[in-house]
Amino acid sequence: MSASVFVVNAGSSSLKYQLLDATSGQCYATGLVDRIGESRSTAKHQPTDGEKIVEDLHIRDHEKALQWVMDQFAKAGPDLDRAGLIGVGHRVVQGGARFDGPAVVTDDVISQIDELAPLAPLHNPANLLGIRAAQAAFPDLPHVAVFDTAFHLTIPPAAHLYAIDRQVAAANRIRKYGFHGTSHSFVSKRMATLLDRPLAEVNTIVLHLGNGASACAVRGGDSIETSMGMTPLAGLVMGTRSGDIDAGVIFHLHHQAGMSAAEIDQLLNKRSGMYGLTGTGDMRDVQAAADAGLAHATAALEVYAHRLRGVIGSYLVHLGRTDAIAFTAGVGENSPQVRADALRDLEGLGIVLDPARNEGGGPDGDAPERRISADESAIQVWVVPTNEELEIARQTRQATQA
Ligand SMILES: Nc1ncnc2c1ncn2[C@@H]1O[C@H](COP(=O)(O)OP(=O)(O)O)[C@@H](O)[C@H]1O
Ligand SMILES: CC(=O)OP(=O)(O)O
Ligand SMILES: [Mg+2]
(Lines of atoms letter the chains of each structure in order from A and count residues from 1; the text may use other names and numbers.)
(Lines give C-alpha, C1' and ligand atoms only; values in the text may rest on other atoms or scores of the structure.)
(Ligands and ions follow the chains in the order given, each with its own letter.)
Protein backbone atom coordinates (compact mmCIF):
# COMPACT_ATOMS: atom_id res chain seq x y z
CA MET A 1 0.00 0.00 0.00
CA SER A 2 1.24 3.47 -0.80
CA ALA A 3 -0.35 6.91 -0.89
CA SER A 4 -3.60 5.69 0.58
CA VAL A 5 -6.36 8.06 1.63
CA PHE A 6 -9.17 7.60 4.14
CA VAL A 7 -12.29 9.12 2.56
CA VAL A 8 -15.21 10.23 4.72
CA ASN A 9 -18.73 11.05 3.51
CA ALA A 10 -20.71 12.13 6.57
CA GLY A 11 -24.46 12.68 6.50
CA SER A 12 -26.64 13.90 9.35
CA SER A 13 -27.15 10.37 10.69
CA SER A 14 -24.66 8.33 8.69
CA LEU A 15 -20.97 8.03 8.06
CA LYS A 16 -19.61 6.26 4.99
CA TYR A 17 -15.91 5.65 4.57
CA GLN A 18 -13.43 4.08 2.23
CA LEU A 19 -9.71 3.37 2.47
CA LEU A 20 -8.18 3.43 -0.98
CA ASP A 21 -5.03 4.05 -2.96
CA ALA A 22 -5.12 7.51 -4.54
CA THR A 23 -2.92 6.39 -7.44
CA SER A 24 -4.27 3.00 -8.48
CA GLY A 25 -7.78 3.45 -7.08
CA GLN A 26 -7.48 0.08 -5.36
CA CYS A 27 -9.92 -0.10 -2.46
CA TYR A 28 -8.75 -1.73 0.80
CA ALA A 29 -11.88 -1.29 2.93
CA THR A 30 -15.31 0.28 2.88
CA GLY A 31 -17.93 0.74 5.51
CA LEU A 32 -20.96 2.56 6.78
CA VAL A 33 -22.43 3.50 10.12
CA ASP A 34 -26.11 4.25 9.71
CA ARG A 35 -28.81 5.68 12.00
CA ILE A 36 -26.29 7.41 14.27
CA GLY A 37 -28.02 8.75 17.38
CA GLU A 38 -31.00 6.39 17.12
CA SER A 39 -31.57 3.54 19.57
CA ARG A 40 -30.20 0.98 17.10
CA SER A 41 -27.49 1.94 14.65
CA THR A 42 -26.24 -0.41 11.94
CA ALA A 43 -22.50 -0.56 11.42
CA LYS A 44 -20.69 -2.40 8.63
CA HIS A 45 -16.99 -2.77 7.95
CA GLN A 46 -15.79 -4.61 4.86
CA PRO A 47 -12.07 -5.19 4.34
CA THR A 48 -11.45 -6.03 0.67
CA ASP A 49 -9.49 -9.12 1.71
CA GLY A 50 -11.50 -10.19 4.70
CA GLU A 51 -14.75 -10.97 6.40
CA LYS A 52 -17.48 -8.38 6.52
CA ILE A 53 -18.41 -7.25 10.03
CA VAL A 54 -22.00 -6.19 10.68
CA GLU A 55 -23.21 -5.02 14.10
CA ASP A 56 -26.41 -3.50 15.45
CA LEU A 57 -25.61 -1.34 18.42
CA HIS A 58 -26.29 2.12 19.81
CA ILE A 59 -23.87 4.71 18.44
CA ARG A 60 -24.42 8.09 20.00
CA ASP A 61 -22.63 10.46 17.64
CA HIS A 62 -20.15 10.72 14.76
CA GLU A 63 -17.17 10.55 17.10
CA LYS A 64 -18.39 7.24 18.55
CA ALA A 65 -19.05 6.04 14.99
CA LEU A 66 -15.44 6.65 14.01
CA GLN A 67 -14.25 4.98 17.19
CA TRP A 68 -16.21 1.89 16.15
CA VAL A 69 -14.58 2.10 12.70
CA MET A 70 -11.07 2.36 14.16
CA ASP A 71 -11.78 -0.66 16.39
CA GLN A 72 -12.78 -2.70 13.33
CA PHE A 73 -9.60 -1.75 11.48
CA ALA A 74 -7.63 -2.87 14.55
CA LYS A 75 -9.56 -6.15 14.80
CA ALA A 76 -10.21 -7.12 11.20
CA GLY A 77 -7.73 -5.03 9.23
CA PRO A 78 -6.32 -3.75 7.11
CA ASP A 79 -3.63 -2.42 9.43
CA LEU A 80 -3.90 1.38 9.26
CA ASP A 81 -0.33 1.79 10.55
CA ARG A 82 0.92 0.03 7.44
CA ALA A 83 -1.53 1.64 5.00
CA GLY A 84 0.82 4.47 4.02
CA LEU A 85 -1.91 6.99 4.81
CA ILE A 86 -1.18 10.44 3.40
CA GLY A 87 -4.41 12.16 4.39
CA VAL A 88 -8.11 12.11 5.09
CA GLY A 89 -10.48 13.38 2.38
CA HIS A 90 -13.92 14.72 3.28
CA ARG A 91 -16.92 15.21 1.04
CA VAL A 92 -18.35 18.65 1.82
CA VAL A 93 -21.55 19.47 -0.03
CA GLN A 94 -21.64 23.28 -0.03
CA GLY A 95 -18.53 25.36 -0.68
CA GLY A 96 -20.43 28.44 -1.90
CA ALA A 97 -18.66 30.81 -4.27
CA ARG A 98 -15.61 30.60 -2.03
CA PHE A 99 -14.07 27.17 -2.72
CA ASP A 100 -13.16 26.40 -6.32
CA GLY A 101 -11.06 23.38 -5.42
CA PRO A 102 -10.04 21.15 -2.52
CA ALA A 103 -8.94 22.88 0.70
CA VAL A 104 -6.64 21.62 3.43
CA VAL A 105 -8.75 21.82 6.58
CA THR A 106 -7.67 24.60 8.94
CA ASP A 107 -9.62 26.43 11.65
CA ASP A 108 -10.38 29.08 9.06
CA VAL A 109 -11.70 26.52 6.54
CA ILE A 110 -13.86 24.97 9.27
CA SER A 111 -15.38 28.33 10.14
CA GLN A 112 -16.08 29.05 6.47
CA ILE A 113 -17.83 25.69 6.01
CA ASP A 114 -19.83 26.50 9.13
CA GLU A 115 -20.62 29.95 7.80
CA LEU A 116 -21.99 28.36 4.59
CA ALA A 117 -24.32 26.08 6.58
CA PRO A 118 -27.43 28.26 6.01
CA LEU A 119 -27.05 27.41 2.30
CA ALA A 120 -27.00 23.66 3.04
CA PRO A 121 -28.58 23.10 6.45
CA LEU A 122 -29.01 19.36 5.89
CA HIS A 123 -25.46 18.78 4.70
CA ASN A 124 -22.72 21.14 5.94
CA PRO A 125 -23.32 20.70 9.71
CA ALA A 126 -23.17 16.91 9.17
CA ASN A 127 -20.00 17.22 7.07
CA LEU A 128 -18.41 19.22 9.90
CA LEU A 129 -19.32 16.52 12.42
CA GLY A 130 -17.45 14.09 10.16
CA ILE A 131 -14.42 16.37 9.94
CA ARG A 132 -14.25 16.89 13.71
CA ALA A 133 -14.63 13.17 14.45
CA ALA A 134 -11.98 12.26 11.88
CA GLN A 135 -9.57 14.87 13.24
CA ALA A 136 -9.91 13.17 16.63
CA ALA A 137 -9.30 9.75 15.07
CA PHE A 138 -6.43 10.87 12.79
CA PRO A 139 -4.83 13.81 14.63
CA ASP A 140 -1.51 13.60 12.79
CA LEU A 141 -2.79 13.51 9.19
CA PRO A 142 -3.75 16.40 6.94
CA HIS A 143 -7.51 16.61 6.35
CA VAL A 144 -8.84 17.91 3.04
CA ALA A 145 -12.34 19.18 2.23
CA VAL A 146 -13.54 18.34 -1.29
CA PHE A 147 -16.63 20.33 -2.26
CA ASP A 148 -19.56 19.15 -4.40
CA THR A 149 -19.96 22.72 -5.64
CA ALA A 150 -16.33 23.46 -6.64
CA PHE A 151 -16.50 22.00 -10.16
CA HIS A 152 -19.47 24.22 -11.01
CA LEU A 153 -17.88 27.60 -10.29
CA THR A 154 -17.10 27.85 -14.00
CA ILE A 155 -20.82 28.15 -14.78
CA PRO A 156 -21.29 31.62 -16.31
CA PRO A 157 -23.60 34.25 -14.78
CA ALA A 158 -26.23 33.74 -17.51
CA ALA A 159 -26.72 30.25 -16.13
CA HIS A 160 -26.07 30.77 -12.42
CA LEU A 161 -28.04 33.97 -11.75
CA TYR A 162 -31.70 33.67 -10.84
CA ALA A 163 -33.98 36.38 -12.19
CA ILE A 164 -34.91 37.82 -8.80
CA ASP A 165 -34.09 41.12 -7.08
CA ARG A 166 -30.32 41.49 -7.36
CA GLN A 167 -29.88 42.91 -3.88
CA VAL A 168 -31.99 40.27 -2.19
CA ALA A 169 -30.05 37.59 -4.06
CA ALA A 170 -26.66 39.08 -3.17
CA ALA A 171 -27.54 39.63 0.50
CA ASN A 172 -28.61 36.01 0.83
CA ARG A 173 -26.02 34.49 -1.53
CA ILE A 174 -28.83 33.12 -3.70
CA ARG A 175 -27.59 31.70 -6.99
CA LYS A 176 -27.16 28.34 -8.65
CA TYR A 177 -24.26 26.42 -7.10
CA GLY A 178 -24.85 22.91 -8.43
CA PHE A 179 -23.79 19.67 -6.72
CA HIS A 180 -22.31 16.22 -7.46
CA GLY A 181 -19.34 18.14 -8.95
CA THR A 182 -16.88 15.48 -7.84
CA SER A 183 -18.80 12.90 -9.86
CA HIS A 184 -19.35 15.15 -12.89
CA SER A 185 -15.65 15.99 -12.92
CA PHE A 186 -14.57 12.36 -12.60
CA VAL A 187 -16.94 11.08 -15.30
CA SER A 188 -16.24 13.88 -17.79
CA LYS A 189 -12.47 13.34 -17.50
CA ARG A 190 -12.94 9.60 -17.89
CA MET A 191 -15.15 10.23 -20.94
CA ALA A 192 -12.36 12.16 -22.68
CA THR A 193 -9.95 9.31 -21.95
CA LEU A 194 -12.43 6.78 -23.35
CA LEU A 195 -12.83 8.86 -26.51
CA ASP A 196 -9.02 9.10 -26.65
CA ARG A 197 -9.16 12.88 -27.04
CA PRO A 198 -7.80 15.80 -25.00
CA LEU A 199 -10.22 16.92 -22.28
CA ALA A 200 -10.08 20.50 -23.59
CA GLU A 201 -11.67 19.37 -26.87
CA VAL A 202 -14.46 17.19 -25.55
CA ASN A 203 -18.04 18.27 -24.78
CA THR A 204 -20.01 15.88 -22.61
CA ILE A 205 -23.43 15.68 -21.00
CA VAL A 206 -23.08 13.77 -17.72
CA LEU A 207 -26.24 12.27 -16.23
CA HIS A 208 -25.63 11.39 -12.57
CA LEU A 209 -28.75 9.41 -11.67
CA GLY A 210 -28.62 8.07 -8.11
CA ASN A 211 -30.97 8.77 -5.19
CA GLY A 212 -29.98 12.36 -5.71
CA ALA A 213 -29.77 13.09 -9.45
CA SER A 214 -28.26 15.86 -11.52
CA ALA A 215 -27.14 16.53 -15.07
CA CYS A 216 -24.15 18.57 -16.14
CA ALA A 217 -23.03 20.09 -19.44
CA VAL A 218 -19.23 19.96 -19.55
CA ARG A 219 -17.40 21.96 -22.21
CA GLY A 220 -13.71 21.12 -22.51
CA GLY A 221 -13.48 20.10 -18.86
CA ASP A 222 -15.51 23.03 -17.50
CA SER A 223 -19.02 22.78 -16.12
CA ILE A 224 -21.17 25.31 -18.01
CA GLU A 225 -24.61 24.29 -16.75
CA THR A 226 -26.09 21.88 -14.23
CA SER A 227 -29.56 20.95 -13.10
CA MET A 228 -29.31 21.35 -9.33
CA GLY A 229 -29.50 24.89 -8.03
CA MET A 230 -28.84 26.80 -4.84
CA THR A 231 -29.76 23.53 -3.12
CA PRO A 232 -29.83 19.87 -4.19
CA LEU A 233 -33.62 20.05 -4.47
CA ALA A 234 -33.70 21.48 -8.00
CA GLY A 235 -33.72 19.87 -11.42
CA LEU A 236 -34.38 16.23 -12.18
CA VAL A 237 -36.96 13.99 -10.53
CA MET A 238 -35.11 12.07 -7.77
CA GLY A 239 -35.67 9.22 -5.34
CA THR A 240 -37.47 11.37 -2.75
CA ARG A 241 -36.90 14.95 -4.03
CA SER A 242 -39.29 16.70 -6.39
CA GLY A 243 -36.71 18.39 -8.61
CA ASP A 244 -38.03 21.52 -10.37
CA ILE A 245 -41.51 22.66 -9.49
CA ASP A 246 -43.26 25.98 -9.91
CA ALA A 247 -42.14 28.03 -6.85
CA GLY A 248 -45.78 29.12 -6.62
CA VAL A 249 -46.65 25.61 -5.38
CA ILE A 250 -44.85 26.46 -2.13
CA PHE A 251 -47.02 29.55 -1.52
CA HIS A 252 -50.12 27.58 -2.40
CA LEU A 253 -49.24 24.82 0.09
CA HIS A 254 -48.60 27.43 2.74
CA HIS A 255 -51.61 29.70 2.16
CA GLN A 256 -54.22 27.20 1.01
CA ALA A 257 -53.16 23.94 2.66
CA GLY A 258 -51.82 25.57 5.84
CA MET A 259 -48.48 23.79 5.70
CA SER A 260 -45.50 25.33 7.51
CA ALA A 261 -42.16 25.98 5.82
CA ALA A 262 -40.69 22.98 7.68
CA GLU A 263 -43.53 20.74 6.48
CA ILE A 264 -43.13 21.85 2.87
CA ASP A 265 -39.35 21.35 3.11
CA GLN A 266 -39.96 17.81 4.37
CA LEU A 267 -42.57 17.14 1.67
CA LEU A 268 -40.37 18.28 -1.23
CA ASN A 269 -37.11 16.73 0.02
CA LYS A 270 -38.28 13.47 1.58
CA ARG A 271 -41.74 12.58 0.30
CA SER A 272 -41.64 13.62 -3.34
CA GLY A 273 -39.88 12.38 -6.47
CA MET A 274 -40.39 8.69 -7.27
CA TYR A 275 -41.35 8.08 -3.64
CA GLY A 276 -44.11 10.67 -3.77
CA LEU A 277 -45.44 9.37 -7.08
CA THR A 278 -45.29 5.65 -6.27
CA GLY A 279 -44.63 5.02 -2.56
CA THR A 280 -41.04 3.87 -3.15
CA GLY A 281 -37.93 5.88 -3.98
CA ASP A 282 -36.02 2.82 -5.15
CA MET A 283 -35.94 2.69 -8.95
CA ARG A 284 -35.80 -1.12 -8.98
CA ASP A 285 -39.09 -1.29 -7.09
CA VAL A 286 -40.71 1.33 -9.31
CA GLN A 287 -39.72 -0.64 -12.42
CA ALA A 288 -40.98 -3.90 -10.89
CA ALA A 289 -44.29 -2.21 -10.08
CA ALA A 290 -44.58 -0.89 -13.64
CA ASP A 291 -43.78 -4.35 -15.02
CA ALA A 292 -46.55 -5.74 -12.80
CA GLY A 293 -48.97 -3.34 -14.48
CA LEU A 294 -49.35 -0.60 -11.85
CA ALA A 295 -50.40 2.50 -13.76
CA HIS A 296 -48.99 5.07 -11.33
CA ALA A 297 -45.54 3.42 -11.52
CA THR A 298 -45.62 3.61 -15.33
CA ALA A 299 -46.70 7.25 -15.11
CA ALA A 300 -43.86 8.01 -12.65
CA LEU A 301 -41.28 6.52 -15.02
CA GLU A 302 -42.70 8.70 -17.78
CA VAL A 303 -42.40 11.82 -15.61
CA TYR A 304 -38.81 10.86 -14.74
CA ALA A 305 -37.86 10.36 -18.40
CA HIS A 306 -39.69 13.46 -19.60
CA ARG A 307 -37.76 15.70 -17.19
CA LEU A 308 -34.50 14.04 -18.16
CA ARG A 309 -35.17 14.47 -21.88
CA GLY A 310 -35.90 18.16 -21.37
CA VAL A 311 -32.54 18.66 -19.67
CA ILE A 312 -30.66 16.68 -22.32
CA GLY A 313 -32.30 18.74 -25.07
CA SER A 314 -31.41 21.95 -23.30
CA TYR A 315 -27.76 20.93 -22.86
CA LEU A 316 -27.44 19.91 -26.50
CA VAL A 317 -28.32 23.52 -27.31
CA HIS A 318 -26.05 25.04 -24.64
CA LEU A 319 -23.08 22.96 -25.75
CA GLY A 320 -23.73 23.54 -29.47
CA ARG A 321 -21.70 20.45 -30.27
CA THR A 322 -21.91 17.40 -28.04
CA ASP A 323 -19.45 14.52 -28.33
CA ALA A 324 -20.81 12.17 -25.71
CA ILE A 325 -23.56 11.49 -23.22
CA ALA A 326 -22.47 9.55 -20.10
CA PHE A 327 -24.87 7.77 -17.74
CA THR A 328 -23.62 7.24 -14.19
CA ALA A 329 -24.58 6.44 -10.55
CA GLY A 330 -26.99 3.75 -9.32
CA VAL A 331 -29.82 4.29 -11.82
CA GLY A 332 -27.67 5.54 -14.71
CA GLU A 333 -25.29 2.60 -14.47
CA ASN A 334 -27.88 -0.11 -13.89
CA SER A 335 -31.14 0.73 -15.61
CA PRO A 336 -31.27 0.01 -19.36
CA GLN A 337 -34.92 1.06 -19.31
CA VAL A 338 -34.23 4.56 -17.96
CA ARG A 339 -31.44 5.02 -20.51
CA ALA A 340 -33.65 3.83 -23.37
CA ASP A 341 -36.57 6.03 -22.28
CA ALA A 342 -34.27 9.06 -21.96
CA LEU A 343 -32.92 8.74 -25.50
CA ARG A 344 -35.86 7.28 -27.41
CA ASP A 345 -36.46 8.56 -30.96
CA LEU A 346 -33.55 11.01 -31.07
CA GLU A 347 -32.08 9.75 -34.37
CA GLY A 348 -32.81 13.18 -35.83
CA LEU A 349 -30.44 14.69 -33.24
CA GLY A 350 -27.68 12.18 -33.98
CA ILE A 351 -28.32 10.01 -30.91
CA VAL A 352 -28.90 6.31 -31.61
CA LEU A 353 -28.80 3.76 -28.81
CA ASP A 354 -27.84 0.17 -29.63
CA PRO A 355 -30.49 -1.89 -27.79
CA ALA A 356 -28.27 -4.96 -27.30
CA ARG A 357 -25.34 -2.90 -25.97
CA ASN A 358 -27.70 -1.00 -23.72
CA GLU A 359 -29.06 -4.24 -22.26
CA GLY A 360 -25.57 -5.65 -21.73
CA GLY A 361 -25.71 -8.13 -24.59
CA GLY A 362 -23.36 -6.43 -27.05
CA PRO A 363 -19.69 -7.24 -27.74
CA ASP A 364 -18.65 -5.70 -24.39
CA GLY A 365 -21.35 -7.67 -22.57
CA ASP A 366 -22.44 -6.03 -19.36
CA ALA A 367 -19.02 -4.48 -18.66
CA PRO A 368 -19.64 -1.69 -16.13
CA GLU A 369 -17.95 0.80 -18.45
CA ARG A 370 -19.07 0.50 -22.06
CA ARG A 371 -20.35 2.30 -25.14
CA ILE A 372 -24.06 1.72 -25.64
CA SER A 373 -24.67 3.82 -28.77
CA ALA A 374 -24.86 2.36 -32.26
CA ASP A 375 -21.84 2.73 -34.54
CA GLU A 376 -23.71 5.29 -36.67
CA SER A 377 -24.61 7.51 -33.68
CA ALA A 378 -22.96 10.93 -34.17
CA ILE A 379 -23.04 11.47 -30.40
CA GLN A 380 -21.59 8.54 -28.49
CA VAL A 381 -23.50 7.27 -25.48
CA TRP A 382 -21.67 5.52 -22.66
CA VAL A 383 -22.18 3.99 -19.25
CA VAL A 384 -19.33 5.29 -17.08
CA PRO A 385 -19.35 4.19 -13.42
CA THR A 386 -18.65 7.10 -11.13
CA ASN A 387 -16.12 6.88 -8.31
CA GLU A 388 -16.51 9.88 -6.05
CA GLU A 389 -14.25 8.34 -3.40
CA LEU A 390 -11.38 7.95 -5.86
CA GLU A 391 -11.80 11.53 -7.06
CA ILE A 392 -11.81 12.74 -3.43
CA ALA A 393 -8.67 10.67 -2.75
CA ARG A 394 -6.94 12.16 -5.80
CA GLN A 395 -7.87 15.70 -4.84
CA THR A 396 -6.74 15.01 -1.27
CA ARG A 397 -3.35 13.90 -2.53
CA GLN A 398 -3.16 16.92 -4.84
CA ALA A 399 -4.02 19.34 -2.01
CA THR A 400 -1.60 17.81 0.48
CA GLN A 401 1.24 17.93 -2.04
CA ALA A 402 0.57 21.52 -3.06
N1 LIG B 1 -30.37 -2.63 -11.37
C2 LIG B 1 -30.93 -1.46 -11.09
N3 LIG B 1 -31.97 -1.00 -11.84
C4 LIG B 1 -32.54 0.18 -11.56
N5 LIG B 1 -32.15 0.98 -10.56
C6 LIG B 1 -31.12 0.59 -9.79
C7 LIG B 1 -30.46 -0.65 -10.01
N8 LIG B 1 -29.48 -0.77 -9.08
C9 LIG B 1 -29.53 0.35 -8.31
N10 LIG B 1 -30.51 1.15 -8.74
C11 LIG B 1 -30.98 2.41 -8.15
O12 LIG B 1 -29.92 3.30 -7.85
C13 LIG B 1 -30.38 4.21 -6.85
C14 LIG B 1 -29.24 4.48 -5.86
O15 LIG B 1 -28.18 5.06 -6.56
P16 LIG B 1 -26.82 5.48 -5.84
O17 LIG B 1 -25.97 6.15 -6.83
O18 LIG B 1 -26.27 4.28 -5.14
O19 LIG B 1 -27.41 6.48 -4.78
P20 LIG B 1 -26.82 7.54 -3.77
O21 LIG B 1 -27.29 8.85 -4.31
O22 LIG B 1 -27.45 7.19 -2.47
O23 LIG B 1 -25.31 7.39 -3.79
C24 LIG B 1 -31.59 3.57 -6.20
O25 LIG B 1 -32.77 4.25 -6.59
C26 LIG B 1 -31.62 2.17 -6.81
O27 LIG B 1 -32.91 1.71 -6.96
C1 LIG C 1 -25.83 16.88 -2.94
C2 LIG C 1 -26.63 15.65 -3.15
O3 LIG C 1 -27.70 15.68 -3.69
O4 LIG C 1 -26.07 14.51 -2.77
P5 LIG C 1 -26.71 13.06 -2.75
O6 LIG C 1 -27.02 12.65 -4.13
O7 LIG C 1 -25.60 12.25 -2.13
O8 LIG C 1 -27.93 13.14 -1.88
MG1 LIG D 1 -23.99 8.59 -4.58
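Quick reminder: no glycine exception, Cβ is built from N, Cα and C everywhere.
Keep in mind that TrEMBL annotations are predicted by a computer and have not been checked by a curator.
Remember, it's a predicted structure, so these values are computed and weren't measured experimentally.
TrEMBL has this to say about the protein:
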type	residues	note
BINDING	Asn9, Glu388	Mg(2+) binding site
BINDING	Lys16, His208, Leu209, Gly210, Asn211, Gly212, Asp282, Met283, Arg284, Gly330, Val331, Gly332, Glu333, Asn334	ATP binding site
BINDING	Arg91	substrate binding site
ACT_SITE	Asp148	active site, proton donor/acceptor
SITE	His180	site 'Transition state stabilizer'
SITE	Arg241	site 'Transition state stabilizer'
**Study point:** Annotated binding-site residues Asn9, Lys16, Arg91, Leu209, Asp282, Arg284, filtered by Cβ under 6 Å to ligand 2
**Key:** none
Study note, to complete from the structure: By a 10 Å Cβ neighbour count, the lowest-scoring of the recorded positions Asp148, Asp282 is Asp282
Exercise for review: May I ask which of the binding-site residues Lys16, Asn211, Asp282, Val331 have a CB within less than 6 Å of any atom of ligand 1, listed in sequence order?
Suggested key: Asn211, Asp282, Val331
Review point. Between Asn211 (ATP binding site) and Arg241 (site 'Transition state stabilizer'), what is the CA-CA distance rounded to a whole number of Å?
Key: 9
Exercise for review: Please tell me which one of the recorded positions listed here (Lys16, Asp148, Asp282, Arg284) sits closest to Asn9 (Mg(2+) binding site), measuring Cα to Cα?
Suggested key: Lys16
Practice item. Could you work out which of the binding-site residues (Glu333, Glu388) has its C-beta surrounded by the smallest number of other C-beta atoms within 10 A? Key: Glu333
Point to revise | Sequence-distant neighbours of Arg91 (substrate binding site) in its chain (C-beta under 8 A, six or more apart) | key: Val7, Val8, Asn9, Ala10, Asn127, Val146, Asp148, Thr182, Glu388, Ile392
Exercise for review: Using all protein chains in view, find how many other C-beta atoms are within 10 Å of the C-beta of Arg241 (site 'Transition state stabilizer').
Suggested key: 26
Review point. Per the record, ATP is bound by Lys16, His208, Leu209, Gly210, Asn211, Gly212, Asp282, Met283, Arg284, Gly330, Val331, Gly332, Glu333, Asn334: how many Å separate the farthest pair of Cα atoms?
Key: 23
Revision key, fill the gap. Taking only the CA atoms, the spacing between Glu333 (ATP binding site) and Arg241 (site 'Transition state stabilizer'), expressed in whole angstrom, is 20
Review point. In the structure shown, which of the recorded positions Lys16, His180, Arg284 has the fewest other Cβ atoms within 10 Å?
Key: Arg284
Point to revise | Cβ neighbour count (within 10 Å, all chains shown) around Val331 (ATP binding site) | key: 26
Practice item. Spatially speaking, which of the binding-site residues Lys16, Leu209, Arg284, Val331 is closest to Arg241 (site 'Transition state stabilizer')? Use C-alpha to C-alpha, please. Key: Leu209
Check your understanding: How many Å lie between the Cα of Lys16 (ATP binding site) and the Cα of His180 (site 'Transition state stabilizer')?
Key -> 16
